[in-house]
Structures are given as structure tokens and as C-alpha cells.
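So that you can see what the record holds, here are the features copied from Swiss-Prot:
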ACT_SITE  Glu353  active site, proton donor
ACT_SITE  His384  active site
ACT_SITE  Lys516  active site
Amino acid sequence: MTNPTNCPIWHDLSAHYQEVLPLQMRDMFTKDGRRFEKFSLEAEGLLLDYSKHRITDETLPLLFKLARDSKVEEWRDRMFAGEKINFTENRAVLHTALRNRSNTPVYVDGKDVMPDVNRVLAQMRKFSTSIRSGEWKGYSGKRITDVVNIGIGGSDLGPVMVCGALKPYAQAGLNAHFVSNIDGTHLAQTLERCDPETTLFIVASKTFTTQETMTNARSARSWFLQAAKDEAHVAKHFVAISTNADEVGKFGIDAANMFEFWDWVGGRYSLWSAIGLSIAIYIGMDHFEELLQGGYEIDRHFKNAPLEQNIPVIMALLGIWYNNFFGADSLAILPYDQGLARFPAYLQQADMESNGKFVARDGRIVQCTTGPIIWGEAGTNGQHAFYQLIHQGNRLIPCDFMMPLQSHYSMGKNGNEHHLILLANCFAQTSALMQGKTLDEAKAELVAQGLTGEALETLLPHKVFEGNRPSTTILFDKLTPKTLGKLIAIYEHKIFVQGIIWNINSFDQWGVEYGKQIAKKILPQLSEDQASTEYDSSTNGLMNYFKSRTQSSGT
């Protein structure tokens, strides 16, 4: 399928959209007492409720036909088989091999990659155990208390999110910090909380040349040497996740403490690899492998479940329905678990870097809208920030709610007061978004409060909620490493399915590279005395304003 909008099934969906558009979900629930039963799925220890969507019995069969006509199943099998489906970079897409707990062979260019995967996992286990046990000592003989991961993009967002989510599994007395931004404030404020004698730095850069990461790493090294003095001590406090042994050695890191990963692992899918070393140290390798197990179980589900019972496929198709037919341009990620506070930011990269494309696989301009804007916040914080827009704004914003049935923490009356309030709010929001509040209902409510006459008529229209706002809800028992692995893998595969239907390459990121190319040219010019004239008038003006303000003041 080169252009999905030209296909008969796309036209069928467009016609069906016109039929569904005037329908109200609250009426659908009233007419069909089995709606939840029909449009929910319990699988892999999760409940997926997609009944609060603007769909009828005819919608999903049409969407499943779209998936089959787009050859989603064939592309899925090609990915798992190690074919180089990332054709613009001539790379396989095999983050799934990193969590292949069956250990069955996975081939790239005729070579089974599983021995290398297992070798690095064993290296991670040995090293992380030595840190956690105190066997590994810093230069002064003290055990490590703080681990600072220096990376950016996929080398940061995944580990940050996972460590935050799985904090209940962390070892007491061992802290994880993450530095990504080239803004020196990020590193400086992190180092303020660390002691050079007890801090380990993980420098995560495949090439060991990434500008932001290596600038931060060099500054961290200088900070460390102000206390340690002897450069030989660097080897006890710095390790690398890289493939560039020469540059790692020049930095002062022992080659034995270089952890490898491969070009068939995309950055935004790399937390499953050695990039997850900070996770393994923080929560322990056993729990890290439970994370892998969760991802693997969803891989099996994605590969083997029919499309009609396939969680990532259903979520992907609902996204297509709203993105391409209803014109929704964003998706709100709303985790009702404070541990998942960074999950929306993680999914921003996973989704927007993957499917933010306007060129199809055949090099032509895509004729339909592709990746949505991903945003969100942990509940209930978001309720007091942006839910107003979702409820009463004039944009359609589909929402993904996710919620554990049990908390890790016992708080409040009977030990579950806080969690019950959280659950009640989550369920209430999905209900309110779906059913809304009619003019008559709002009027009855105001009359019951004693309002009459002009006061009632003035306030009444502002109390109406249109409803018909779609949402998906994912419930799970508890936020464990395995459950988190499942959630991440579900969204990975959802993103993949959407990219196939849109006929784009979800695995390159040339948009990230372009700005960096220009920045490399601009950087030395910021220190030159002469005015900048090379760029457009705006960019020249910004650069020259910087020069006038800093050079004249001597800074």
C-alpha cells in the first residue's frame, strides 16, 4: 500500500465516519448493555477497555481490514525476522531480540545475535551486582552511593522513566541521577548532590562523540579529578555504553567496563540494552530481567494473537480512526500512578520521533496525517491543569488512561485511602468524558442548588459538557517490572503498526540530525568578533544580539 488514502478500505472508512459522527456514546451504552463486554480485552495480565470510543459494531472490522490490506502482519514478521526494514539506514529493527527470553536464534546478516545479547546481559549482571554489593569501590575505598547516567534522547528518557516507575524496587542507599541537557545547570545541580569518592558515572553514547553527552562527560570528569587528582582513578568511577573502544580508552575508561550495543537497536528502543545499565544497578539485575520478560510476553502476544484480540493493534487502529478520520491531532497519556510521571515524556520520543514523518517509504509526500502530538501528566495533577480543555474545549483529544489496582504504598485510612481516591478519580474522568452533561441535566442540577431566573440562565450554558470524548483505559494489578515492560512494549508495537499503515519508516530520525548539523556551524561563529551575515536575517540577528550583549560586557 503506497498511499493508504487511495485504497477502497480508506474510502469505506471515510463513509463510515460520516455515519458515526453524529452518534453519542452515551446513547450507545444505553442501547447496548454488553458494550463493555464486546469492546474490552483481558490479556497478558492487563485489561484493555476500549468501549468508550466512538465506534460501532461495524467500525473495527473495517479497521482490521485496513491493517490487513496494509500488510501489517507481513511487516511484523519481517521485523521479527531481522530484515532491514529501516531501509534509509540499512538496518534491522531488533530491540525485540534484547528481550528474547526464549533465547531462540535471531539472525542479522546470517549471524545469530543472541550470543552477543546474552554476553552483554551477563556483563551487566556482574557489574551491577558488584556495585550493589559494595564489592566495587571508588578510588578512596568507599562503596558507590550515587550513579549518574550521562546520555540524551533514548540514552536518557528510557532509563529515567523506568527508574522513576520502579523506585519501590530500588536498593536503599543507592541513588540514580540522570544528566541529559547540554545546559550546564543540569550537570551542576546534579553534582551538587554527589560526592566524587562515591559517585559512578555511566557515559552512554554509541559513537562516544555525541556533543551533549561528551561535553557533559568531560565536565563531569574534570569535576571528579578536582578531588581525585590522579587520572588513573577515572577507571574506577566511569564506565561507558558505546561501540567506540578507541575513544572510550582515550577518556580513561577500562575496556572491560565498556558495554556494547548494536546498530539494530534504535536509540528510542534502547532501554532494553546495555543503555539500561543504570536501571540494572538501581533495581537489580533480577528485576531488570523481569522488565525484559514483560516486554517479551507482549512480543509473543503481538506476534501470535489475531488482530481482533491484539492489544497493540487495537490501540493503533483506534489512533488511526481519530487521527485520520476525526482530525484529532494529539493523544493525551494520563497515567494514574505517580511512578509513571515520566511515561508521557518517554512516549513523546517513542511516538513522535518514530512517526513524525511527511515522506512515505517510496519517497513521495504522505497524503494523510501521520504521528499525533503526545502529551500528558500523571493523575490527578492533570485534572487541575489541562482537563478543562479536554472536557469543554473545542478540540477532540483522545485519552489513554492507565491505572494499577494496587499501590506499592500503604497511605491514609485503612492503608488504601489515597489509592481508592485515585481510582475513583480515574474511573470518574473516563465516565465524564464519555457521557458529558446535557443542558437539561445541568439545569436540574442548578435548580436543585436553588438557582432561578436570570442567574440560572446566565450560568447554565457554562455547565454543559458535550461529552463524546473518547478514551482507552488500561488496568493492571500493580506496577511491577514485568508490568512496566508490557506497557512499554505495547506502545512500541502500537507505534509500529501505525507507521506501517501510514507507509512511513518509523525507525529513522533525520529531523533530529538536521538541526545538529547547523548548530555545529554556528558554535564557533559565536566566538568570532565579526557580525554574522551567513544566515537568514532572524538567525543573524539573534547571533549578533548575543555577541553584542556578551562581548561588550566581557563575558
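Glycine is treated like the rest: Cβ placed from N, Cα and C.
Positions of the features from Swiss-Prot, shown on the structure.
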{"residue": "Glu353", "record": "active site, proton donor", "contacts (Cβ under 8 Å, 6+ apart)": "Arg268, Gln509, Gly511, Val512"}
{"residue": "His384", "record": "active site", "contacts (Cβ under 8 Å, 6+ apart)": "none"}
{"residue": "Lys516", "record": "active site", "contacts (Cβ under 8 Å, 6+ apart)": "Gln211"}
Local backbone state of the residue listed as 'active site, proton donor', from DSSP in three classes: helix
Per DSSP, three-state class assigned to Lys516 (active site): helix
